[in-house]
Amino acid sequence: MSLTGYFAAPLCSIFLFILAHADAGQQEDSLYMWIDAHQARVLIGFEEDILIVAEGKMAPFTHDFRKAQQRMPAIPVNIHAMNFTWQATGQAEYFYEFLSLRSLDKGIMADPTVNMPLLGTVPHKATVIQVGFPCLGNQDGVAAFEVNVIVMNSEGNVILQTPQNAIFFKTCQQAKCTGGCRNGGFCNDRHVCECPDGFYGPHCEKALCMPRCMNGGLCVTPGLCICPPGYYGINCDKVNCTTHCLNGGTCFYPGKCICPSGYEGEQCETSKCQQPCRNGGKCSGKNKCKCSKGYQGDLCSKPVCEPSCGAHGTCIEPNKCQCKEGWNGRYCNKKYGSNLMNALRPTGSRNRQHTPSPKRTEDRQALPESNYIW
(Lines of atoms letter the chains of each structure in order from A and count residues from 1; the text may use other names and numbers.)
(Lines give C-alpha, C1' and ligand atoms only; values in the text may rest on other atoms or scores of the structure.)
Protein backbone atom coordinates (compact mmCIF):
# COMPACT_ATOMS: atom_id res chain seq x y z
CA MET A 1 0.00 0.00 0.00
CA SER A 2 1.31 3.47 -0.83
CA LEU A 3 2.15 6.02 1.86
CA THR A 4 -0.93 8.00 0.87
CA GLY A 5 -3.04 4.87 1.15
CA TYR A 6 -1.55 4.12 4.58
CA PHE A 7 -2.70 7.47 5.98
CA ALA A 8 -5.92 7.68 3.98
CA ALA A 9 -7.32 4.19 4.51
CA PRO A 10 -8.96 4.99 7.88
CA LEU A 11 -10.75 7.97 6.31
CA CYS A 12 -13.46 5.72 4.99
CA SER A 13 -14.46 5.00 8.56
CA ILE A 14 -15.12 8.69 9.13
CA PHE A 15 -17.65 8.94 6.35
CA LEU A 16 -19.17 5.56 6.95
CA PHE A 17 -20.37 7.21 10.14
CA ILE A 18 -21.70 10.34 8.52
CA LEU A 19 -24.96 8.47 7.98
CA ALA A 20 -26.17 5.99 10.62
CA HIS A 21 -29.43 4.16 11.20
CA ALA A 22 -32.32 6.18 12.58
CA ASP A 23 -34.89 3.41 12.30
CA ALA A 24 -33.60 -0.13 12.26
CA GLY A 25 -36.97 -1.43 11.11
CA GLN A 26 -37.10 0.70 8.00
CA GLN A 27 -37.14 -1.40 4.83
CA GLU A 28 -36.75 1.22 2.14
CA ASP A 29 -34.99 -0.51 -0.73
CA SER A 30 -34.06 2.13 -3.27
CA LEU A 31 -31.50 4.51 -1.68
CA TYR A 32 -27.80 4.08 -2.39
CA MET A 33 -24.63 5.97 -1.45
CA TRP A 34 -21.05 5.02 -2.23
CA ILE A 35 -17.52 6.33 -2.70
CA ASP A 36 -16.56 5.71 -6.31
CA ALA A 37 -13.40 3.93 -7.37
CA HIS A 38 -11.62 7.09 -8.46
CA GLN A 39 -12.11 8.73 -5.07
CA ALA A 40 -11.21 5.44 -3.35
CA ARG A 41 -7.87 5.41 -5.15
CA VAL A 42 -7.07 8.80 -3.61
CA LEU A 43 -8.14 7.59 -0.17
CA ILE A 44 -6.86 4.02 0.07
CA GLY A 45 -4.51 3.63 -2.86
CA PHE A 46 -6.53 1.27 -5.07
CA GLU A 47 -9.64 1.63 -7.19
CA GLU A 48 -12.72 0.01 -5.75
CA ASP A 49 -16.21 1.29 -5.02
CA ILE A 50 -16.86 1.63 -1.30
CA LEU A 51 -20.53 1.04 -0.51
CA ILE A 52 -21.98 3.10 2.34
CA VAL A 53 -25.77 2.74 1.93
CA ALA A 54 -27.45 -0.04 -0.05
CA GLU A 55 -31.18 -0.69 -0.35
CA GLY A 56 -31.79 1.95 2.29
CA LYS A 57 -29.53 0.22 4.84
CA MET A 58 -26.06 0.99 6.11
CA ALA A 59 -23.27 -1.28 4.92
CA PRO A 60 -22.19 -3.74 7.62
CA PHE A 61 -19.97 -1.80 10.01
CA THR A 62 -19.63 -1.07 13.67
CA HIS A 63 -22.35 1.10 15.15
CA ASP A 64 -20.37 2.00 18.26
CA PHE A 65 -19.57 5.51 17.11
CA ARG A 66 -17.85 6.59 20.34
CA LYS A 67 -15.26 3.82 20.14
CA ALA A 68 -14.81 4.27 16.41
CA GLN A 69 -14.38 8.02 16.79
CA GLN A 70 -11.44 7.46 19.12
CA ARG A 71 -9.68 5.61 16.30
CA MET A 72 -10.48 8.20 13.62
CA PRO A 73 -7.41 10.00 12.31
CA ALA A 74 -7.53 13.60 11.15
CA ILE A 75 -7.98 14.08 7.41
CA PRO A 76 -4.45 14.56 5.99
CA VAL A 77 -3.09 17.82 4.63
CA ASN A 78 -3.12 16.64 1.01
CA ILE A 79 -6.86 15.87 0.94
CA HIS A 80 -8.91 19.02 0.38
CA ALA A 81 -12.31 17.45 -0.38
CA MET A 82 -14.11 14.12 -0.58
CA ASN A 83 -16.65 12.96 -3.15
CA PHE A 84 -19.66 10.76 -2.46
CA THR A 85 -22.16 9.47 -5.01
CA TRP A 86 -25.80 8.87 -4.23
CA GLN A 87 -28.93 7.86 -6.08
CA ALA A 88 -32.59 7.13 -5.42
CA THR A 89 -33.79 4.33 -7.71
CA GLY A 90 -37.33 3.34 -8.56
CA GLN A 91 -40.28 5.63 -7.84
CA ALA A 92 -39.60 6.42 -4.18
CA GLU A 93 -38.81 10.00 -3.22
CA TYR A 94 -36.18 10.90 -0.63
CA PHE A 95 -35.39 14.30 0.84
CA TYR A 96 -32.23 15.49 2.55
CA GLU A 97 -31.21 18.44 4.70
CA PHE A 98 -27.80 19.56 5.93
CA LEU A 99 -28.57 20.78 9.43
CA SER A 100 -25.02 21.88 10.16
CA LEU A 101 -21.74 22.46 8.35
CA ARG A 102 -19.57 24.12 10.95
CA SER A 103 -15.90 24.55 11.72
CA LEU A 104 -15.05 24.60 15.42
CA ASP A 105 -11.63 26.15 14.73
CA LYS A 106 -12.31 29.01 12.34
CA GLY A 107 -8.79 30.35 12.68
CA ILE A 108 -7.51 27.18 11.00
CA MET A 109 -10.33 26.08 8.71
CA ALA A 110 -13.49 27.74 7.41
CA ASP A 111 -16.87 25.99 7.51
CA PRO A 112 -17.06 22.82 5.40
CA THR A 113 -18.66 23.27 1.99
CA VAL A 114 -20.96 21.17 -0.20
CA ASN A 115 -21.56 21.54 -3.93
CA MET A 116 -25.35 21.36 -3.67
CA PRO A 117 -28.24 23.13 -1.95
CA LEU A 118 -28.49 22.46 1.78
CA LEU A 119 -32.08 21.24 1.35
CA GLY A 120 -33.45 19.21 -1.54
CA THR A 121 -34.44 15.91 -3.12
CA VAL A 122 -32.11 12.96 -3.53
CA PRO A 123 -31.67 12.70 -7.33
CA HIS A 124 -32.77 9.65 -9.30
CA LYS A 125 -29.61 9.96 -11.38
CA ALA A 126 -26.26 9.10 -9.80
CA THR A 127 -24.92 12.44 -8.55
CA VAL A 128 -21.66 13.40 -6.84
CA ILE A 129 -21.71 15.23 -3.51
CA GLN A 130 -18.44 16.98 -2.75
CA VAL A 131 -17.63 17.95 0.83
CA GLY A 132 -14.79 20.47 1.00
CA PHE A 133 -12.44 21.26 3.88
CA PRO A 134 -11.22 24.85 3.30
CA CYS A 135 -8.04 25.26 5.32
CA LEU A 136 -7.16 28.93 5.63
CA GLY A 137 -3.40 28.42 5.44
CA ASN A 138 -2.79 30.90 8.27
CA GLN A 139 -1.15 28.40 10.60
CA ASP A 140 -0.34 24.75 11.20
CA GLY A 141 -2.93 22.87 13.21
CA VAL A 142 -5.84 20.44 13.37
CA ALA A 143 -9.35 21.84 12.98
CA ALA A 144 -12.43 20.16 14.43
CA PHE A 145 -15.65 20.32 12.43
CA GLU A 146 -19.13 18.87 12.35
CA VAL A 147 -21.36 17.71 9.50
CA ASN A 148 -24.97 17.05 10.44
CA VAL A 149 -27.29 15.73 7.72
CA ILE A 150 -30.57 13.80 7.66
CA VAL A 151 -32.41 11.84 4.94
CA MET A 152 -36.20 11.46 5.02
CA ASN A 153 -38.69 9.44 3.02
CA SER A 154 -41.78 10.84 1.33
CA GLU A 155 -43.76 10.48 4.56
CA GLY A 156 -41.33 12.72 6.43
CA ASN A 157 -39.75 9.93 8.47
CA VAL A 158 -36.01 10.22 9.10
CA ILE A 159 -34.37 7.07 7.79
CA LEU A 160 -30.69 8.11 7.95
CA GLN A 161 -28.89 10.76 9.95
CA THR A 162 -25.52 11.82 11.26
CA PRO A 163 -24.79 10.54 14.77
CA GLN A 164 -25.37 13.24 17.36
CA ASN A 165 -22.27 15.14 18.52
CA ALA A 166 -20.21 13.65 15.69
CA ILE A 167 -16.95 15.60 15.46
CA PHE A 168 -14.36 15.15 12.71
CA PHE A 169 -10.88 16.57 12.24
CA LYS A 170 -8.82 18.05 9.41
CA THR A 171 -5.07 18.65 9.43
CA CYS A 172 -4.05 22.03 7.99
CA GLN A 173 -0.70 23.67 7.52
CA GLN A 174 0.49 27.20 6.98
CA ALA A 175 0.59 27.86 3.28
CA LYS A 176 3.26 29.78 1.43
CA CYS A 177 2.31 31.97 -1.51
CA THR A 178 5.30 33.37 -3.38
CA GLY A 179 5.10 37.14 -3.16
CA GLY A 180 2.56 37.06 -0.33
CA CYS A 181 -1.10 38.06 -0.30
CA ARG A 182 -2.02 41.74 0.03
CA ASN A 183 -5.05 43.78 1.05
CA GLY A 184 -6.31 41.24 3.55
CA GLY A 185 -6.01 38.22 1.29
CA PHE A 186 -4.82 34.92 2.71
CA CYS A 187 -2.84 32.04 1.28
CA ASN A 188 -4.90 28.85 1.26
CA ASP A 189 -3.53 25.35 1.52
CA ARG A 190 -3.30 25.18 -2.28
CA HIS A 191 -0.77 28.03 -2.12
CA VAL A 192 -3.17 30.40 -3.87
CA CYS A 193 -4.20 33.80 -2.53
CA GLU A 194 -7.88 34.11 -1.69
CA CYS A 195 -8.83 37.77 -2.00
CA PRO A 196 -11.47 39.70 -0.06
CA ASP A 197 -14.32 41.37 -1.92
CA GLY A 198 -13.12 44.22 -4.09
CA PHE A 199 -9.62 42.85 -4.78
CA TYR A 200 -8.20 40.41 -7.29
CA GLY A 201 -4.93 39.33 -8.87
CA PRO A 202 -2.32 36.69 -8.00
CA HIS A 203 -1.46 38.61 -4.82
CA CYS A 204 -4.80 40.43 -4.34
CA GLU A 205 -2.87 43.48 -5.42
CA LYS A 206 -5.51 44.85 -7.79
CA ALA A 207 -8.58 46.68 -6.59
CA LEU A 208 -11.92 46.55 -8.35
CA CYS A 209 -13.64 49.89 -8.95
CA MET A 210 -17.16 50.07 -10.33
CA PRO A 211 -17.52 52.09 -12.41
CA ARG A 212 -13.96 51.69 -13.60
CA CYS A 213 -11.37 54.46 -13.29
CA MET A 214 -11.23 56.55 -16.47
CA ASN A 215 -8.53 58.63 -18.17
CA GLY A 216 -5.66 56.56 -16.79
CA GLY A 217 -6.88 56.62 -13.17
CA LEU A 218 -5.64 53.90 -10.79
CA CYS A 219 -8.01 51.92 -8.58
CA VAL A 220 -6.24 51.69 -5.20
CA THR A 221 -9.10 50.36 -3.07
CA PRO A 222 -12.65 49.33 -3.95
CA GLY A 223 -14.49 52.41 -5.14
CA LEU A 224 -11.49 54.78 -4.86
CA CYS A 225 -9.55 56.02 -7.89
CA ILE A 226 -6.29 57.98 -7.88
CA CYS A 227 -6.63 60.38 -10.80
CA PRO A 228 -3.77 61.65 -13.02
CA PRO A 229 -3.05 65.39 -13.13
CA GLY A 230 -5.86 67.32 -14.75
CA TYR A 231 -8.67 64.92 -13.78
CA TYR A 232 -10.90 64.45 -10.77
CA GLY A 233 -14.16 62.80 -9.73
CA ILE A 234 -15.10 59.42 -8.24
CA ASN A 235 -13.86 57.61 -11.34
CA CYS A 236 -11.67 60.40 -12.82
CA ASP A 237 -14.34 61.31 -15.35
CA LYS A 238 -14.11 65.08 -14.84
CA VAL A 239 -11.46 67.39 -16.27
CA ASN A 240 -9.73 70.04 -14.19
CA CYS A 241 -8.57 72.68 -16.68
CA THR A 242 -5.77 74.94 -15.56
CA THR A 243 -6.99 77.58 -18.03
CA HIS A 244 -10.57 78.76 -18.29
CA CYS A 245 -12.44 78.16 -21.54
CA LEU A 246 -14.02 81.39 -22.81
CA ASN A 247 -17.16 82.16 -24.79
CA GLY A 248 -18.98 79.03 -23.69
CA GLY A 249 -16.16 76.60 -24.47
CA THR A 250 -15.99 73.24 -22.67
CA CYS A 251 -12.84 71.72 -21.22
CA PHE A 252 -12.44 68.09 -22.30
CA TYR A 253 -8.73 67.55 -21.59
CA PRO A 254 -6.27 69.43 -19.39
CA GLY A 255 -5.52 72.63 -21.26
CA LYS A 256 -7.79 71.75 -24.20
CA CYS A 257 -11.14 73.38 -24.93
CA ILE A 258 -13.99 72.43 -27.24
CA CYS A 259 -15.06 75.77 -28.69
CA PRO A 260 -18.61 76.64 -29.70
CA SER A 261 -19.33 77.47 -33.31
CA GLY A 262 -17.77 80.80 -34.24
CA TYR A 263 -14.82 80.69 -31.84
CA GLU A 264 -11.36 79.21 -31.90
CA GLY A 265 -8.09 79.30 -30.02
CA GLU A 266 -6.75 77.41 -26.98
CA GLN A 267 -9.29 79.14 -24.75
CA CYS A 268 -11.91 79.85 -27.45
CA GLU A 269 -10.87 83.47 -27.15
CA THR A 270 -10.81 84.25 -30.88
CA SER A 271 -13.94 84.94 -32.89
CA LYS A 272 -14.09 83.53 -36.40
CA CYS A 273 -15.76 86.77 -37.58
CA GLN A 274 -13.18 89.26 -38.93
CA GLN A 275 -15.33 92.15 -37.71
CA PRO A 276 -17.05 91.84 -34.36
CA CYS A 277 -20.78 91.33 -34.22
CA ARG A 278 -22.60 94.39 -32.90
CA ASN A 279 -25.55 95.03 -30.62
CA GLY A 280 -25.14 91.80 -28.67
CA GLY A 281 -24.82 89.52 -31.69
CA LYS A 282 -22.74 86.35 -31.52
CA CYS A 283 -20.36 85.00 -34.11
CA SER A 284 -21.88 81.71 -35.28
CA GLY A 285 -19.51 80.86 -38.10
CA LYS A 286 -16.91 82.32 -40.35
CA ASN A 287 -17.92 85.99 -40.76
CA LYS A 288 -21.48 85.12 -39.81
CA CYS A 289 -23.31 86.70 -36.91
CA LYS A 290 -26.34 85.49 -35.01
CA CYS A 291 -28.17 88.66 -34.07
CA SER A 292 -30.09 89.40 -30.92
CA LYS A 293 -33.76 90.34 -31.15
CA GLY A 294 -34.36 93.68 -32.87
CA TYR A 295 -31.28 93.66 -35.10
CA GLN A 296 -30.27 92.20 -38.44
CA GLY A 297 -27.53 92.36 -41.05
CA ASP A 298 -24.14 90.69 -41.48
CA LEU A 299 -22.79 92.41 -38.38
CA CYS A 300 -26.14 92.90 -36.62
CA SER A 301 -25.79 96.64 -37.24
CA LYS A 302 -29.27 97.23 -38.68
CA PRO A 303 -32.20 97.71 -36.32
CA VAL A 304 -35.54 96.13 -37.14
CA CYS A 305 -38.86 98.03 -37.03
CA GLU A 306 -42.08 96.04 -37.32
CA PRO A 307 -43.97 97.11 -39.29
CA SER A 308 -41.43 99.07 -41.30
CA CYS A 309 -41.06 102.83 -41.29
CA GLY A 310 -42.15 102.96 -44.92
CA ALA A 311 -40.88 105.33 -47.60
CA HIS A 312 -40.98 108.38 -45.33
CA GLY A 313 -38.93 107.16 -42.37
CA THR A 314 -35.78 105.41 -41.29
CA CYS A 315 -35.48 102.74 -38.56
CA ILE A 316 -32.84 103.99 -36.12
CA GLU A 317 -33.51 101.62 -33.18
CA PRO A 318 -35.63 98.50 -32.75
CA ASN A 319 -39.24 99.61 -33.46
CA LYS A 320 -38.28 103.31 -33.50
CA CYS A 321 -38.60 105.36 -36.71
CA GLN A 322 -37.08 108.74 -37.66
CA CYS A 323 -39.50 110.47 -40.06
CA LYS A 324 -38.65 112.66 -43.03
CA GLU A 325 -39.60 116.32 -43.08
CA GLY A 326 -43.35 116.80 -43.28
CA TRP A 327 -44.19 113.31 -41.99
CA ASN A 328 -45.02 112.05 -38.56
CA GLY A 329 -46.60 109.14 -36.73
CA ARG A 330 -45.10 106.04 -35.22
CA TYR A 331 -44.43 104.56 -38.64
CA CYS A 332 -44.04 107.93 -40.51
CA ASN A 333 -47.27 107.31 -42.43
CA LYS A 334 -48.99 110.60 -41.53
CA LYS A 335 -48.36 113.88 -43.40
CA TYR A 336 -47.73 116.79 -41.09
CA GLY A 337 -50.70 119.26 -40.71
CA SER A 338 -53.26 117.42 -42.85
CA ASN A 339 -55.48 116.54 -39.93
CA LEU A 340 -55.26 120.05 -38.50
CA MET A 341 -56.40 121.74 -41.76
CA ASN A 342 -59.33 119.36 -42.13
CA ALA A 343 -60.42 120.08 -38.59
CA LEU A 344 -60.36 123.91 -39.10
CA ARG A 345 -62.12 123.90 -42.49
CA PRO A 346 -65.91 124.78 -42.30
CA THR A 347 -68.22 121.86 -42.82
CA GLY A 348 -70.07 123.38 -45.76
CA SER A 349 -66.97 124.40 -47.59
CA ARG A 350 -65.06 121.14 -47.45
CA ASN A 351 -66.37 120.18 -50.86
CA ARG A 352 -65.86 123.60 -52.48
CA GLN A 353 -62.88 124.92 -54.30
CA HIS A 354 -61.07 127.38 -52.12
CA THR A 355 -58.17 129.57 -52.92
CA PRO A 356 -56.26 130.53 -49.83
CA SER A 357 -55.53 134.18 -49.30
CA PRO A 358 -51.97 135.34 -49.53
CA LYS A 359 -51.93 135.96 -45.82
CA ARG A 360 -53.01 132.40 -45.00
CA THR A 361 -50.44 131.18 -47.42
CA GLU A 362 -47.78 133.12 -45.62
CA ASP A 363 -48.98 131.80 -42.26
CA ARG A 364 -48.93 128.26 -43.60
CA GLN A 365 -45.44 128.70 -44.92
CA ALA A 366 -44.38 130.09 -41.58
CA LEU A 367 -44.95 126.76 -39.77
CA PRO A 368 -41.72 125.54 -38.26
CA GLU A 369 -39.73 122.96 -40.13
CA SER A 370 -39.01 119.97 -37.94
CA ASN A 371 -37.84 116.34 -38.21
CA TYR A 372 -40.10 114.38 -35.87
CA ILE A 373 -39.15 111.15 -34.18
CA TRP A 374 -42.08 109.11 -32.89
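Using the three backbone atoms N, Cα and C, a Cβ is placed for every residue, glycine included.
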Disulphide partner cysteine [Swiss-Prot] for Cys268, chosen from Cys259, Cys277, Cys283: Cys259
Candidate in Cys236, Cys245, Cys251 joined to Cys241 through a disulfide, as Swiss-Prot lists it: Cys251
Per Swiss-Prot, the disulfide partner of Cys227, chosen from Cys213, Cys236: Cys236
Disulfide-bonded cysteine for Cys309 as listed in Swiss-Prot, from Cys321, Cys323: Cys321
Second cysteine of the disulfide that Swiss-Prot assigns to Cys283, among Cys273, Cys300: Cys273
Pairwise Cα distance for Cys257 (disulfide bond)/Cys321 (disulfide bond) [Å, integer]: 44
Neighbour tally for Cys268 (disulfide bond), based on other Cβ positions within 10 Å of its Cβ: 20
Alpha-carbon spacing, Cys177 (disulfide bond) to Cys315 (disulfide bond), which is rounded to whole Å: 88
Local backbone state of Cys277 (disulfide bond), from DSSP in three classes: coil
Neighbour count (Cβ, 10 Å) for Cys245 (disulfide bond): 21
Fewest Cβ neighbours within 10 Å, where candidates are the glycosylation sites Asn83, Asn240: Asn240
